[in-house]
Structure formats: C-alpha cells, structure tokens
Amino acid sequence: MYGAIAAFAAQLIVANGFGAEGSGTFFQVMALFTVGTSLSVFGADTGLVRTVSAQVALGRNSAVPRLIRFATIPSVIIAFVVTSAALIYALPMVTPGMSDTYRAVLFASVPFLVASALMTLCFGVLRGQHQVVTFTALQNVVLPTIRVLAVIAVVAASAGVVYLALAWSTPIILVLLIAIWLVKKHMPTGPDTVAADAPAAETSKSFWIFSSARGVATIVESILEWIDVMLITAFMGVAAGGIYGAVNRYVRVGAMVEHTARMVTGPSISAALATNNLDRARSIFLNTTRALVAVAWPFYLTMMFFGPALLSFFGKEFTQAAPIFWIICSAMMLAAAAGGVQSVLLMSGKSRWQLYNKLSSLAVAVVLNLTLIPLWGLAGAATAWAAAVLTDTVLAAYQVFKYVGIRAKVSELAPSALLSLGVVGLGGWLVSMFFGQELLGLIIHVCVVLVLYAVLIVVFRKSLGIDKFLRARKK
C-alpha cells in the first residue's frame, strides 16, 4: 500500500505543480510507459512467479537459472524492438503533428523501457523465491520513494514536463541493480530432490505458452487501466483527461490492496496447487478475500462519501468529478469481495482463460467508452470502467469455482462485509449529512469513524480471519 500511496502522492504533487493540463500530459506518458513495459515483458514475470515457486516446491532447484534464461532473452529482444519503434514514431518526419513537448517527453522516457523490463523480471524471480518482503520493499517502498523525491525536486525547481518524465524513469536503473543482486543472493543452491512421480521439468515452450497468454492479458490490463483517460482526453481535452485521471489514481490506490494480496499469496497458491493441496489453496484464498473486504471496502466507502474533499487536494477544478466515485467504487467493492480469483486462475495455469476474460472486459470498455463519453462525459467513462471491472470479475470467479474448485461462501465473508458497511458506511453517511463532504467532514470521518473501525478490526481479528492472513504472510 505504501507504494500506491507514494505514487499517488507524486501525482498529487504533479497536479498542484502543473495543473489539470500538465497532469493530463503526465498521465498520458505514464500510460504509454506502462503499456510499453507490459508489452516488453509479455507475461514472463508472472511465468517466473509460477514456475520458480512450483519447481522449487518440487525439489528441482537447478531449474531456476534455466527458467530465468527462458524469460530474459526474449523479453530483452522485445524491449529493444518496442524502444526502437517508439523512438522512430517520435521522429518529426513520422509524426509532424505531435507537440514538441510531448515528443521531448517520449525521447526522454522511452530509453528506460529495457531497464524497466529487466527490473520487472527480477521482481518475478524474487516473488517465485518467496522473497515477498524483499520484493515489496523494492517495488512498493524504494522505487516510489525515490520517484516522489525526484518529482518534488522537479516541481520545486519549476522545471518542465521533460524533467518530470526523467524523474519518473531514472530511479528504475538503481532499483534494477539492487534487484539483480538480490536475485543472485537468494538463488537456491541445494541439490535436487525430485520425487519419481513429479511432473516433467518446465521447458522454454511450456514456459512461453503460459507466459505469452499472460503477456497479452497484461497488455490488455494496462490498456484497460488507461483507456478511459486517453479517450476522455481525445473527446473532451487534456484538462478533462487530467481531472478524470485524478479519480483514476484514487481508485487505483484501493485496487493496489488486491494487487498486493496477489503478489503476497501468488507463490503460496502456486506451491499448494503444484502439490495438489487444494485445501491449503482454498484456505489462502479465503483468508485473503476476508482481508480484502476488511481493508478495501472502507477505502472505497470513504471515497464515495467524501469525494469532493479528496479531489480538492489536486485542485478546485478537480472536484467536479466527485460524483463518479459512486459508480466506480461500487463496482470495485464487488470485485474485492470476489477475492484473489485472478491469482488462483493464474497460479493454476489458466492464463489463457484470464486472457479471454481481459479481452471480453476490454471489448466492453471500448464499446461503452465510445458510446457513453459523448453522451455523459466523465460519468460515461466511469460507467464503462465499472462494467469492464464487473465483466472480468464475474468471469474469473465463475471459472475458479467451476473448474478449480475454490470459492468463498457468503457466510464466510459476511462478518467483514457487515462490519465495513455498519461502521464505515453508516458512519460515513452520518458524518457527511451533519458535517458535509468537504475537508471538515473528511477529518471527522478519519479521526472518529476509521479509528473506531481499526480498533474493531484489531479486537475481532480472529473471528474476521485477519489473524490467519497475517500469519500466512509471515510464513
């Protein structure tokens, strides 16, 4: 969560320093860089999480260096191709209509795609080695902290957007070097102890059959994350894109709860499924889902009731987007209640299923964005986003239950859900009614309602399943 908050803080600083138009340009650059990195890695990071953890669980330690080679060589080649294509695209003779500022930003940030791809692969290996704390520290603490400090320096110096792009990109080099050292440090060195009936060793073909499907899904995920911002910009202008991007960033902080849970539990689920321990996999899934509801729901409820206050931190012009929190956050709460279905789907080897789900979700997003943005503006984009999220969630939840045999019952999630709604939902509504949705109401909500909720979570942590989740994470 620290990483999401730090990234959000950087974007908050950008919005206040550069305004809606400046932040809109920055969001566009982030979108292209995210999609470019996903295209370069092409799912190999998730392939490493799954295969490294599974092969080590089977006692095949010698397979790990080979798996890293399977992933690295093609990914680096793809990264160089993507980088070259982006640099050619940014040439004045190819795109004469591109603004000079945007062209300069592309030239400044694109060369870091290769390093970003390698860093992402190293993160995959660390997760597969069950070095969750190490991985989390690098991705969610070290990298975003350096970025925030660099962004603050750029804004304080009143430098341009090009320097902002460099501030966002250059920390990748340092984190990559640290990650390479840590991967080598935690490489398994013991002799192989493979059982006679163990599955065959992973091959380059089997690795990329899984990873390529995941790669397309990751690219689709990246497009899904940013397509509404880009289409809002196309239909309504850069300033509107910056305003909607602020809402997007707030909601993504909440989505990082699910993402973090996936990062933490993915290797454990993979190991459990590899050894046919379905009960263990279901236990991890259930505890994770309970924790997601307990943490994510209060966050989304707070955004719904106090959107004007939260968006005012970006600037007064951003508060007009507050009503769309109700549309997006309602869908995100349902997605959180589905639990880590995406992680189970991936770690059970069903990456192709997830790809089809993401493509279905993307189709919904494209059709509804193109239809609803001209009619409803920002609310149309929010509706399209919510529909896309629910499409992906419903498909994944059905597949995990039907074909993997894992689900959480409503009765098992009810305590966490009712506590969130009863304390944060009811409390937030009462505070907003009596004190308003501006800063005063938000402060009272945080200091009274959320503090009370946190105390109740600690008191009832055993009955809510939070204790089991935390113990599993420590292991």
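Cβ from N, Cα, C; glycine included.
Nobody curates TrEMBL annotations by hand; they come from automatic prediction.
Residues or ranges marked as transmembrane segment in TrEMBL: 70-92 (among others). Same-chain residues lying 6 or more positions outside the transmembrane segment (70-92) and placing a CB less than 8 Å from one of its CB atoms are 32, 36, 39-42, 44-45, 47-48, 98, 103, 106-107, 110-111, 113-114, 116-118, 121, 124, 202, 204, 207-208, 211.
Distant neighbours of the transmembrane segment (104-126): 25, 29, 32-33, 36-37, 40-41, 44-49, 52, 64, 68, 71-72, 75-76, 78-80, 82-83, 86-87, 89-90, 134-135, 138-139, 161-162, 165-166, 168-170, 172-173, 175-176, 179-180, 182-183, 186; these residues of the same chain sit at least 6 beyond its ends, with a Cβ under 8 Å from one of its Cβ atoms. For 104-126 (among others), the entry in TrEMBL reads transmembrane segment.
Same-chain neighbours of the transmembrane segment (138-157): 1-4, 6-7, 9-10, 13-14, 16-18, 123, 126, 163-164, 166-168, 170-172, 174-175, 178-179, 182, 260, counting only residues six or more beyond its ends whose CB sits under 8 Å from a CB of the stretch. Annotated transmembrane segment per TrEMBL: 138-157 (among others), in sequence order.
If one looks beyond the transmembrane segment (163-183) by at least 6 residues along the same chain, the residues whose Cβ comes under 8 Å of a Cβ in the stretch are 10, 14, 18, 26, 29-30, 33, 68, 105, 108-109, 112, 115-116, 118-119, 122-123, 125-126, 129, 131, 134, 138-139, 142-143, 146-147, 150-151, 153-155, 157. The transmembrane segment annotation in TrEMBL covers 163-183 (among others).
Annotated transmembrane segment per TrEMBL: 291-311 (among others), in sequence order.
Long-range contacts of the transmembrane segment (323-347) within the same chain, counting only residues at least 6 positions beyond its ends with a Cβ under 8 Å from a Cβ of the stretch, are 46, 49-50, 214, 247, 250-251, 254-255, 257-258, 261-262, 265-266, 269-270, 273, 281, 285-286, 288-289, 292-293, 296-297, 300-301, 303-304, 307, 353-354, 378-379, 381-383, 385-387, 389-390, 392-393, 396-397, 399-400, 404, 406, 408, 413, 417. What TrEMBL records for 323-347 (among others) is transmembrane segment.
If one looks beyond the transmembrane segment (359-376) by at least 6 residues along the same chain, the residues whose Cβ comes under 8 Å of a Cβ in the stretch are 220, 223-224, 227-228, 231-232, 235-236, 383-385, 387-389, 391-392, 395. The transmembrane segment annotation in TrEMBL covers 359-376 (among others).
Sequence-remote contacts of a segment are chain residues at least 6 beyond its ends whose Cβ falls under 8 Å from one of its Cβ atoms, and for the transmembrane segment (382-401) they are 224, 228, 247, 324, 327-328, 330-332, 334-335, 338, 341-342, 344-345, 348, 350, 353-354, 356-358, 360-362, 364-365, 368-369, 372-373, 376, 407. The transmembrane segment feature in TrEMBL is assigned to 382-401 (among others).
As annotated by TrEMBL, transmembrane segment applies to 413-436 (among others).
According to TrEMBL, the transmembrane segment annotation covers 442-460 (among others).
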Problem set entry | Close approaches to the transmembrane segment (291-311) from elsewhere in its chain (Cβ under 8 angstroms; 6 or more beyond its ends) | 246-247, 250-251, 253-254, 257-258, 261, 318-319, 321-323, 325-326, 329-330, 332-333, 336-337, 339-340, 413, 416-417, 419-421, 423-425, 428-429, 431-432, 437-439, 441-442, 445-446, 450, 453, 457, 464-466, 469
